[in-house]
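Engineer: Taken from TrEMBL, the feature domain 'G-protein coupled receptors family 1 profile' covers 43-294. TrEMBL lists 28-50, 62-84, 104-122, 134-156, 207-228, 240-262, 274-296 with the feature transmembrane segment.
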Amino acid sequence: MSHLHPTNTSLSELHLLGIPGLQHLHCWISIPFCVMYLITLAGNSTLLCVIKADPSLHLPMFLFLSMLAVIDLVMSTSITPKMLSIFWFRSTAISLDACLTQMYFVHSFAVMESGLLVAMAFDRYVAICNPLRYLSILTSPIVAAIGLATLLRAVVFMSPLTFQIRRLPLCSPAVVDHSYCEHMAVLKLACGDAAFSNTYSLSVSTYVGSFDSLLITLSYTLILRAVLGLSSPRARKKAFSTCSSHLCVMALFYIPGLLSMYMERYHQELPPYVQVLLANIYLLIPPAFNPLIYGIRTKQIRDGARRVISR
């Protein structure tokens, strides 16, 4: 295993360990990771094709869903191919530029996904609680502005992290105890003062995770209150089922992400693979489940897919 612990690595090159402590299980761990990635590619690509091909799906809800599909594809593709090459071929080396690029894409698109989940929760709130004004509130310019705002927020929040690490000297051995270039894992290699990066990363992650999840919880609370007023038990059951599945997928995104960040910072006594697996869960599982929960379970998507196939 000496190739995993280089002692004279150039500062222009880093080495990713994969999942520390579980290297002997990499081949087995790669199976569910590969399956989830294939589901992500197939599900989100199919969703994008169906929404684009069926004009009846060119509504705010499905435009947000298209944005989410693109984000999930980019976020998963940013880490999974390299991760699988580590598991299968022990290809641990990654250039510093590629590492920083991966870090920027992963964290930026994670922030974008969080913002888009808020937008989709607001979309459902308007559709259920104010259906007569749905299309007048969520017009195409408003949807585009929301999408642009999520992008700009991610760029503004994440750019300082990458620039700060670029300026810090990194020490050999340049071994990252992670399966991808996670910010705080790479920051452990810094020889200089990394207090600003540590504090900034923790603050931004806490703000995004707590503020966005609070808005989502508020939206779904108002939705559930409106659902309780429905006279039909069948309609209430369907609405509860939809809301609960949405909230479960969102919990898989927020809870492991925040836990992995705080464990990386404060719980050094825990096995390192616990933190790495949590970080992988929040980046791999939601992109695989989002097309199933938001797409296949939605009647309009199923009907649109049938129309596209019949044509």
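Backbone N, Cα and C atoms are what each Cβ position is placed from, and that goes for glycine too.
Keep in mind that TrEMBL annotations are predicted by a computer and have not been checked by a curator.
Quick one: where do these features end up spatially?
Structural biologist: Among residues of the same chain six or more beyond the transmembrane segment (28-50), those with a C-beta under 8 A of the stretch's C-beta atoms are 19, 22, 57, 65-66, 69-70, 72-73, 76, 80, 83-84, 87-88, 280, 284-285, 287-288, 290-292, 295, 301, 304-305, 308.
For the transmembrane segment (62-84), same-chain residues at least 6 beyond its ends with a Cβ under 8 Å from one of its own Cβ atoms are 16, 18, 30, 33-34, 37, 40-41, 44-45, 47-48, 51-52, 91, 94, 102, 105-106, 109-110, 112-113, 116-117, 119-120, 123, 140, 143, 146-147, 150, 179-180, 280, 283-284, 286-288, 290-291, 294-295, 300-301.
Residues 61, 64-65, 67-68, 71-72, 74-75, 78-79, 146-147, 149-151, 153-155, 157-159, 161-162, 180-183, 204, 208-209, 212, 215-216, 219-220, 246, 250, 253-254, 257, 282-283, 286, 294 of the same chain, all 6+ positions outside the transmembrane segment (104-122), place their C-beta atoms under 8 angstroms from a C-beta of that stretch.
A Cβ distance under 8 Å defines the sequence-distant neighbours of the transmembrane segment (134-156), meaning residues of its chain 6+ beyond its ends; these are 59-60, 63-64, 67, 108-109, 111-112, 115-116, 119, 123, 126-127.
Within the chain, the transmembrane segment (240-262) has long-range Cβ neighbours (under 8 A, six or more residues past its boundaries) at 110, 113-114, 117, 121, 124, 184, 201-202, 205-206, 209, 212-213, 216, 220, 223-224, 227, 275-276, 278-279, 281-283, 285-286, 289-290, 293-294, 297.
The list of residues near the transmembrane segment (274-296) in space but at least 6 beyond its ends in sequence, with Cβ under 8 angstroms from a Cβ of it, reads 19-20, 33, 36-37, 39-40, 43-44, 46-47, 50, 65, 68-69, 72-73, 75-76, 79-80, 83, 106, 110, 113, 120, 177-180, 182, 245-246, 248-250, 252-257, 259-260, 263-264, 267, 302.
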